[in-house]
Ligand SMILES: Nc1ncnc2c1ncn2[C@@H]1O[C@H](COP(=O)(O)OP(=O)(O)OP(=O)(O)O)[C@@H](O)[C@H]1O
Ligand SMILES: O=c1[nH]c(=O)c2[nH+]cn([C@@H]3O[C@H](COP(=O)(O)O)[C@@H](O)[C@H]3O)c2[nH]1
Ligand SMILES: NC(=O)CC[C@H](N)C(=O)O
Ligand SMILES: [Mg+2]
C-alpha cells in the first residue's frame with residue numbers, strides 16, 4: 001500500500017495558470033477564470049518557468065502581491081516566460097513585474113490608490129477593453145506605479161495619477177492592468193478578464209462541471225479497478241458529492257463510513273443514518289467513536305493540537321472500519337486500500353499545501369492527517385471550490401437539501417469550544433447550537449447565511465444575574481457569516497429580532513450560559529471558525 005496522493009486532478013487541455021505572488025486574491029482570480037468557463041490552477045511564483053510551461057498552459061495570469069518590484073528579494077519571474085509565446089496577463093504586481101522585466105519603468109511616485117478609482121480608457125477598441133466604457137470604475141490597491149510602458153506596448157488606460165494603468169502588446173500576446181479586475185468592485189473586470197482569455201489567448205469557454213464528472217469517473221474507475229474503496233461520509237456537501245461521484249464510478253465496490261466522534265451537532269447522526277441513505281441508497285457503516293475521540297482530546301486546549309489529534313483519530317477509525325469491511329467481504333487488505341475524502345481546494349490552500357502559502361490552520365483531512373497513513377487517497381474535488389462542488393452535486397442528481405447544506409467542519413464542535421473539550425461542555429454547546437440553528441432556519445436565513453458557528457468560550461466566565469441571583473457563567477459566541485467560497489467572508493447582518501430571540505432562548509434554556517455575544521469580524525482578519 002502506498003501513502004502517495006495520486007493527482008486526481010489532471011488538468012484539462014485548456015488550463016490557465018495563475019501565478020501567485022502572495023496575493024490576497026489569487027483564489028479569486030482562479031474562480032473568475034473558471035466562471036468564464038476556462039479551467040484554472042494556482043501555482044507559486046517560486047515555480048521555475050520551465051515547470052510552468054511543462055504544464056502546457058494556454059495562458060498565464062500573474063497575480064498581485066505585497067512586494068515592490070524594485071525591492072531587494074522581491075519575487076520575480078524569468079524573462080523567458082514573456083518570450084515563450086504563451087499569452088500572459090499581469091494584474092497589479094504582475095503588471096508591474098511585466099513592465100520592469102521588459103524594460104519599462106515602475107517606481108514609487110507617491111501616487112497611491114486604494115479602493116474605488118475611475119479608470120480612463122484611451123483605447124476602447126483594444127483587446128482587453130473592447131465594448132467597455134471610456135470611463136469605468138476599478139478597484140486599485142497599490143503604492144508603486146508604471147510611468148513608462150516597455151517598448152512595443154500600447155498604453156490603453158490611465159487614471160488621474162497613474163499615466164500607465166493598462167497596456168497591451170497584441171503581437172506578443174502580453175497584457176496588463178494596474179488594477180484588480182477579479183474583484184467585483186471593478187465594474188467591467190470580468191469582461192476584461194474574458195477578453196484576455198477569449199480574444200487575447202483564443203481559448204474556447206468550454207470547461208464545465210460536466211467535464212469534471214466525466215473525467216473523475218473515468219479516472220476513479222481506472223485507479224480502483226476491481227478493488228474496494230471506503231468514503232468518509234459526514235452528511236456534509238463535499239463528502240456527499242465525492243461519494244456520489246465515486247459511486248457512479250465503482251458502484252457497490254464503495255462503502256461509506258460515518259464517524260460519530262461525539263463532536264457532532266444535535267440530531268446529526270440520526271439525520272445521516274436516515275435521510276442520507278434514503279436519498280442516495282449508499283452502503284453506510286456508522287462507527288461510534290465518541291469515547292475514543294474524547295479520551296484522545298482530554299486535557300488539550302491548543303487548537304492545532306486538537307486538529308492533529310482529530311485528523312489522526314479519523315484515520316485510525318477508518319482503518320478499523322476497513323478491517324471490518326475486509327472481514328465481512330472476505331477480501332484481502334489490499335482490496336480496500338482506497339479512502340475517498342471530500343477535500344476541497346480551500347482546505348488544501350489553508351493547510352498551506354496549496355502554493356507555498358502560509359499554514360493558517362490544519363484542516364483535519366489535509367494538514368491534520370497523520371504521517372503513517374496507509375490509504376491511497378481519492379479526492380476528486382481537491383481542485384474545486386464549494387459552489388463548483390454544489391454544481392457537480394446537482395449534476396449527479398443529489399437532492400437540494402444535501403447540495404445546499406451549510407458547511408460543518410470535520411473536527412466539529414471540538415474546534416468550537418475554546419478550551420478543553422469535555423462531554424459536559426459538548427452537551428452544553430450542542431444545546432446552544434441547536435437553538436441558534438432552529439431560530440435561523442425559522443427566520444428563513446439558511447440560504448443567505450453561509451454558516452453560523454456557535455462557539456463556547458469555556459475558559460471565560462463573566463458575572464450575570466439570573467432569577468435575582470448572581471451567576472458566573474460562560475459566554476456563547478454567534479458567528480454568522482456570508483461567503484462565496486469560505487476563503488473570504490463577512491459577518492452576516494442578521495436582523496436584531498432574530499438575534500434577540502436566540503440570545504434569550506440560549507440564556508434561558510442552556511445551563512451555565514449567561515451571556516451571548518455576536519462576532520462582527522470579517523475574514524480576513526478573523527477566520528470563520530475560532531480555532
Ligand atoms: N463525521 C465524519 N465521518 C466521516 N468522514 C468525515 C466526517 N467528517 C468529515 N469527514 C471527512 O472529511 C472531509 C472534509 O470534511 P468537510 O467538513 O470539509 O466536508 P463535508 O463535511 O463533506 O462537507 P461540508 O464542508 O459541507 O461540511 C469530508 O468530506 C469527509 O470525507
Ligand atoms: O472539514 C473541515 N475540516 C477542518 O479541519 C476545518 N476547519 C475549518 N473548516 C471549514 O472551512 C471553512 C473555512 O474555515 P476557517 O475560515 O475557519 O478557516 C469553514 O467553512 C469551516 O467550517 C474545516 N472543515
Ligand atoms: N496589490 C498589489 O499587487 C500591489 C503591488 C505593489 N506592492 C504596490 O504597492 O504597488
Ligand atoms: Mg463537514
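Including glycine, each Cβ sits where the backbone N, Cα and C put it.
So that you can see what the record holds, here are the features copied from TrEMBL:
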type     : residues                          : note
ACT_SITE : 92                                : active site, nucleophile
ACT_SITE : 180                               : active site
ACT_SITE : 182                               : active site
DOMAIN   : 207-405                           : domain 'GMPS ATP-PPase'
BINDING  : 234, 235, 236, 237, 238, 239, 240 : ATP binding site
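When the recorded positions 182, 234, 236 are checked against ligand 4, 234, 236 have a Cβ within less than 6 Å of one of its atoms. Listed in sequence order, the residues 233, 241, 242, 342, 402, 405 complete the 8 Å Cβ shell around the ATP site centroid, once 234, 235, 236, 237, 238, 239, 240 themselves are left out. Sequence-distant neighbours of residue 240 (ATP binding site) (same chain, six or more apart, CB under 8 Å from its CB) are 233, 276, 280, 342, 393, 398, 402, 403, listed in sequence order. Mean pLDDT, taken over the domain 'GMPS ATP-PPase' (207-405), works out to 89 on the 0 to 100 scale.
In sequence order, 25, 64, 91, 92, 138, 139, 140, 141, 186, 189 constitute the residues six or more apart from residue 180 (active site) in its chain with CB-CB distances below 8 Å. Highlighted here are the recorded positions (92, 182, 235, 236, 239) whose C-beta falls below 6 Å from ligand 3: 92, in sequence order.
By the rule that a residue counts when its Cβ sits under 6 Å from some atom of ligand 1, the recorded positions 92, 180, 182, 235 yield nothing. Distance from the CA of residue 182 (active site) to the CA of residue 236 (ATP binding site) is 29 Å. Residue 92 (active site, nucleophile) falls outside any helix or strand according to DSSP and counts as coil. Comparing residue 234 (ATP binding site) with residue 182 (active site), their Cα atoms are 33 Å apart once rounded. Cα-Cα distance from residue 237 (ATP binding site) to residue 182 (active site): 27 Å (rounded to the nearest whole number). Cβ neighbour count for residue 92 (active site, nucleophile): 26 (other Cβ atoms within 10 Å of its Cβ, all protein chains included). Of the candidate binding-site residues, 235, 238, 239, the one lying closest to residue 182 (active site) when CA atoms are compared is 238.
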